[in-house]
Amino acid sequence: MSDTLTEQKPKSVKPPKQKKPASLWSDAWYDLRRSKVFIIAAVMIAVLVVMSIIPGLFSSVNAFDPTTCDLTKARQGVSAAHIFGTDNQGCDTYSRVIYGARISIMVGVFSTLVTTLIGGLLGLLAGFYGRWTDTILSRVAEIFFAIPSTLGALLILALVGRENAGIWTVVVALSVLAWPMVLRIMRAAVMSAKSQDYVLAARALGAGPGRLMGRHILPNALAPVIVVATMNMGVFIAAEAALSFLGVGIQSPDISWGLMIADARNRFLQAPEALLFPALFLSLTVLAFVMLGDAVRDALDPKLR
Amino acid sequence: MAPQGDPILEVRDLVKHFPLTQGIVMKRQIGAIKAVDGVSFDLRRGETLGVVGESGCGKSTLAKLLMALEKPTSGSVKVNGELVDVHKGSNLKRFRRNIQMVMQDPYTSLNPRMTVGDIIGEPYEIHTDVAPKGDRRKKVQDLLEVVGLNPDHINRYPHQFSGGQRQRIGIARGLALQPEIIICDEPVSALDVSIQAQVINLLERLQTEFGLAYIFIAHDLSVVRHISDRVAVMYLGKIVEIGKDTEIYDKPSHPYTQALLSAVPVPDPEGRESRERIILQGDPPSPANPPSGCRFRTRCWKAQEICAVEEPLLQIRPGTDHESACHFAEVHDVVHAS
Amino acid sequence: MKNPSVDTHLLPADSGSIGTEPLLAVDNLHVEFTTRQGVARAVNGVSYALNAGETLAVLGESGSGKSVTAQAIMGILDMPPARIPKGEIRFRGTDLLQLSEAQRSQIRGQQIAMIFQDALSALNPVFTVGWQIAEMFRVHKGMSKKAAYAKAVELMDRVRIPAAKQRVNDYPHQFSGGMRQRIMIAMSIALDPDVLIADEPTTALDVTVQAQIMELLAELQRESNMGMILITHDLGVVADVADKIAVMYGGRIVENAPVHDIYRNAAHPYTKGLLESIPRVDMKGQELYAIKGLPPNLLDMPTGCAFHPRCPFRQDDCVTDVPALHEISGTRSSACHYWREVLDGTAG
């Protein structure tokens, strides 16, 4: 037998698959675009975002304009002029629901941003350096973690007082209590990425901590944090509504779904629409983010790969 | 390929103990896992030293110590006569240019989020003086060519390659800094049988081409024999026998080496019924609590009282022409893998 | 040998075979998996037979379909994503694929048992090993707790676990890899199966421990006259213990032969390549023979013979025609159009 066939260069061996994107991120994106759940959630969120930026697009009535509130028209039912009816002050419920999206989305986005950045960074450091860095950061996180978040936020906001309460205090109150969860998830993901052979190989090449974290560990530890951040967005929006409902969150004249539900609760039996419409929008918003998180998790899950 | 000249790597009394601690706040050391416990050897330019032994014998820890990925408890490593100081950054960085590694698992040893070009080019980003920025892409493509991959695949990701191709990528990364020594830690054991020979041939070709010296750690004794000039047999953190490949395989003198060789199944059914086989009883003891004296005595059929009392040194003994750490070293030819 | 309380009404008892029917026969088995990238045809018409007391080695690399075939025999494939579009698995003449799940679970463990590569993950970490072995007797034979434990100790003795009586209440993680594999063997032989499938039983173990386990398996087989299917990629292990070999490549059997014939002279280029790539003493310093190219992609199998892109004997018809399993002698067959040339060693 001839031995000329030893050690041959395997030429373009990959079969011509259907156009498949290369990197794992674009792979995940490719999967996402094929997920029905993702499409539905994304459309819902897109509508909400547009709603919060340009509410005028959806509502011909300016909810901030006091002239649109007409006390003589207070507590009206559903009609052609006011499709969701009017509230105690005679304001159009529909336009208030539309304008209410802004605060919800802002609280969701900013709380998520703050918690992900703080929790993510500290989690990266705790997971990478371990030892006393980890001990200190994890213990601090555990202290915050032990406080039930809604109760804790209620307490913080009660201390701040109604007169100072607003969107930023709500964001701070929610973030203070929620970053430890992100830290925990990031820390666990970093620790598992850190023990991979490619990190060892990079160390053997002489890579420093910055390169190890930035090039090798972070990109491989990000997936679970992204999933949690997406889902947290919905959780924060729900929490804001709860706090506003309880009177410690967003204050009038700012418009918040939670506040609207609170205003409408006493005459629910007479005028259920005043409560049901903001509640419906709130539920759909939270649902959209949870669905998005689910779809993202499915796309990023390496086990399916 | 004949090894020549002064040793390029000198390892002396290398020890690594991992402390076993108890308690969280007030940590107390309650013992130590003696993973590597006094290992010494030389490696010359262009030479291949095979290291064999079973899991827990310390061969992987030895690889990490040689790569300065673990700090030794004691002992020294010299490269080209220069002591490696794991605490000094500049010394370590120079050292890393000279000694690189190929890992066992081609699936976990490549960062899945980096392209092949970035993976093989990373050494140049860390050691910026090796190749000017403009040359790097060309260099990476040359390396791909050297290890038998298509240079046009530079922008692909690891998951687009098969196991054997990934191992070639890992080898290319190891070659990038033009080291003189490469530590191969089980480089073919995770590969399909039909691919192993390809990678072994590649490693041998690269050795001739670049004058590389290899530390070849593996549990497949026939592969080790094929590629090694000298072989060291490890048991519970110590080298029990070391010598030329022919000395170890044809004239093993340590009972453990003999048992190891006879336990390897021979890929030839002829005469299998009559083959002599030494089957060791039990498992290797824990490296946290190794037996006194000779560490192999608990499984050894030759053990006498002296074995429990006096630790046999690794030295040339009467009747052997290579170093063996057994009080009763005696050449005994066992039928073994090829 | 068989316990009379076992429900065997489906199956002819005792005799190893009906007429010429072997103990276990896989016939033209096909298994495919639906994946996100398409349908992976893992097994494409595999046939092999096993008689009592015999050891059949199924040799192949990852993706050859050797383990999938075994899982199909055991009935432990996840369906979906797996599907068996065609084929028969006959145990004592009964097609297992036609049985209900309840009937199959009667056979599983009692008549066909399996041991796996990774004993640690195959054993339940929260129960003691004694409990896990005893459970076999309690569930399948309705023994009392005490009697079942006594049987467990007896079995642990039989697989030579030292101090079985003391160790019966230990948990799996308290045992070494070799000892865990012994425990799994104990569980698999607990009900005196007729067929034992060993899927890479020693791949995760060291050579000295591997030798112990292979010796134990051979001894148990001798005592009970089990048929054993040994799934492995290790040419050394095969040469040591097998009576006959089925070599698999790309989901097909490419060569079927008694062990001595194959090692003396392979009749398929793949087998020949594998045997030649083993490092030999007289090859020292020379390049090893290496099969060129890569194993096939199950999602995109080569046309014709799956081995043709890597084959030194390739002719034009290899690219277009799937070779049948040609009979060479009563006990040998090869799925190569040019098996004669392969036997003669005259490469294309």
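Heads up, residue numbers simply count up from 1 along the chain you see.
Cβ atoms here come from the backbone N, Cα and C positions, even for glycine.
Residues or ranges marked as region 'Disordered' by TrEMBL: A:1-21.
Annotation source TrEMBL lists compositional bias 'Basic and acidic residues' at A:1-10.
Here TrEMBL flags A:11-20 as compositional bias 'Basic residues'.
According to TrEMBL, the feature transmembrane segment maps to A:37-58 (among others). When Cβ-Cβ distances below 8 Å are used as the criterion, the transmembrane segment (A:37-58) is approached by residues 95, 98-99, 101-102, 104-106, 284-285, 287-289, 291-292, 294-296, 299 of the same chain, each at least six residues removed from its ends.
What TrEMBL records for A:103-128 (among others) is transmembrane segment.
The transmembrane segment annotation in TrEMBL covers A:140-160 (among others). Residues of the same chain lying 6 or more positions beyond the ends of the transmembrane segment (A:140-160) and with a Cβ under 8 Å from any Cβ of it are 122, 169-170, 172-174, 176-181, 183-184, 239, 242-243, 246, 248-249.
Per TrEMBL, transmembrane segment is recorded for A:166-186 (among others).
Residues or ranges marked as transmembrane segment by TrEMBL: A:221-250 (among others).
The transmembrane segment annotation in TrEMBL covers A:275-296 (among others).
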- Item | Tertiary contacts of the transmembrane segment (A:103-128) (same chain, 6+ residues out, Cβ under 8 Å) | 48-49, 52, 134, 137-138, 141, 167, 170-172, 174-175, 178-191, 194, 209, 212-213, 217-218, 221, 225, 229, 232-234, 236-237, 240-241, 250, 254-257, 282, 285, 289
- Who are the chain neighbours of the transmembrane segment (A:166-186) in space, where the CB to CB distance is under 8 Å and they lie at least 6 residues beyond its ends? 103, 106-107, 110-111, 114-116, 118-120, 122-124, 126-127, 137-138, 140-142, 144-145, 147, 149, 152-153, 156-157, 160, 221, 224-225, 228-229, 232, 235-236, 239-240, 243-244, 249-251, 254
